[in-house]
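K.L.:
Quick one: the structure is below, and I'll ask about it shortly.
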């Protein structure tokens, strides 16, 4: 089957479905009355074992817990404590990382829903169901990846391009801000991030936008968490104008945008693609208080077709399509770009740059230490970047058989591309270019699903995939609300025995320390703990625990539907709990070609599972 446009499942939602998407706040129990969250709580989230307040389990996004009550010696005793069903017919992909504060879990669901649950029992405290219009345009399923919390409010984004604040105890709407035209493709699927500007002392709510596949211009926002009012907005296409306090501020990069071709026949003086250039920061940001820097990934350029972003008869290597498919350091006071590192210049394959940016202390082969970001890109390369200035320190492949580039030049920071891997223009008189086989495909060596870093082993645990793809160019013109790709594609198998591969990577040597292969693609995030454990989920519904040092599979549990979310862990009343959202969906079954066929037998679902060692047997057991 040739895929040339967005899946039918992502057309405007039917009136029948929308009829049941009612705004509600069901007070099925007394108000949660959890403690208000302070900035100090958020700043110490990575150290606090009782709460999980940020996406990434801390502003450093390491997904590392110092808890060890559940460990490699007793993890085989894990049993379900409870499970909560999201209910009704609204299933699809459940990609949410839950957060927890003072014994209350807040987890988002598909179709822009939020649930507040008692962390001990799973009892529902309240539910918020957002009313969605018919003409939303999510590219990659009706997912939501999580909420944020500060003070007495819960914050999350919606598929109709809104960011909403709810009272954390009742689920009532406090404020609701529209930031983009959803009919043009603007959405919000990522979890917002709370940061504190070290210069002004103000706490800010940071969120991005989605919609690169529809020709939006990606934008990063800072808001007052109390009122929702915009403080600043920064676009991620070179030459587009930012805002500060409601007024135009500065353009992003050079106002003349030399990384995008000129076209004197247009109103802007630039090629059409510049006006619809993508770069959407749809994943959650990280924050480095030491350098007072927001660090976030920028999405793919629009359209995918590299020739639409290259001058007539020009060379794609002369036009990098800034500031797309890379990582950006942003000043929280003004929204200005402090630094930018591009993983894939003039990205021709939709590799994007949105995968998480993990903050860690990197020690190079000579023993010199740097404050760094770690990033496993969809293009198949793992990057270590100095987060004080955006300079590349190390890069190496984390998946097999990368075809589009031979390596990353550590001196220039640029990929060394292999000839013939950019899909060629159609020949004269033809509407489609000659197909070219590329690996990884646009779904990536790893996609949005976040890796974890262990402070004990010094390893990154990367949920990777091995697959490949045929690409070919097609004619492309912008039309509001329609897919803006200019590329056709089909994803294919690389190996017969597996697609997914959980890999433990050494960031200094680039070596694979261990790997565990899975038959289906890996689309779940990873959690690492001081108990020498690594947790993740599989496409066929298993929640698994591995020995962090050796990769030995120690425990698994069948949840009933595929897992495409990041797990969390916390301590309550002297016991360690592990929780994970369950429900198969996301991009793979919608865009995945042969992979969609492979995953057809997986049942949909929507639930949150919690595990612990039974109270009657909490002593460390000998195996």
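Using the three backbone atoms N, Cα and C, a Cβ is placed for every residue, glycine included.
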K.L.:
In Swiss-Prot, the residues 213, 350 are said to bind Ca(2+) 2. Which of 167, 292, 300, 401 is said to bind at that same site?
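P.N.:
My reading of Swiss-Prot gives 300 as the candidate in that site.
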K.L.:
Which of 145, 309 shares the pyrroloquinoline quinone site with 95, 189, 207, 208, 209, 378, 523, 587 per Swiss-Prot?
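P.N.:
For pyrroloquinoline quinone, Swiss-Prot names 95, 189, 207, 208, 209, 378, 523, 587; of 145, 309, the listed one is 145.
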K.L.:
So which range, 115-137, 322-344, 414-436, gets flagged region 'Disordered' in Swiss-Prot?
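P.N.:
Here Swiss-Prot associates region 'Disordered' with the stretch 414-436.
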K.L.:
If I go by Swiss-Prot, the feature region 'Disordered' sits on one of 52-89, 242-279, 470-507. Which?
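P.N.:
Going through 52-89, 242-279, 470-507 one by one, Swiss-Prot flags 242-279 as region 'Disordered'.
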K.L.:
Per DSSP, what is the residue tally for the repeat 'WD 1' (515-556) in helix, strand and coil?
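P.N.:
Computed counts for the repeat 'WD 1' (515-556) are 0 helix, 23 strand, 19 coil.
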K.L.:
Kindly report the helix/strand/coil residue split of the region 'Disordered' (242-279) according to DSSP, in that order.
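P.N.:
Once the DSSP states are binned, the region 'Disordered' (242-279) shows 5 helix, 11 strand, 22 coil.
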K.L.:
Give the maximum pairwise CA distance in Å, whole number, for the residues 95, 145, 189, 207, 208, 209, 378, 523, 587 listed as binding pyrroloquinoline quinone.
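P.N.:
That value is 22 Å for the farthest Cα pair.
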K.L.:
What is the nearest of the recorded positions 140, 213, 300, 350 to residue 378 (pyrroloquinoline quinone binding site), using the Cα of each?
P.N.:
350
K.L.:
Just to be sure I understand the packing, how many Cβ atoms besides its own are within 10 Å of the Cβ of residue 300 (Ca(2+) 2 binding site)?
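P.N.:
Around residue 300 (Ca(2+) 2 binding site), other Cβ atoms within 10 Å: 27.
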K.L.:
According to DSSP, does residue 139 (disulfide bond) sit in a helix, a strand, or coil?
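P.N.:
Its secondary structure by DSSP: coil.
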K.L.:
What whole-number Å value do you get for the CA-CA distance of residue 189 (pyrroloquinoline quinone binding site) and residue 140 (disulfide bond)?
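P.N.:
With distance taken Cα to Cα, residue 140 (disulfide bond) is 10 Å from residue 189 (pyrroloquinoline quinone binding site).
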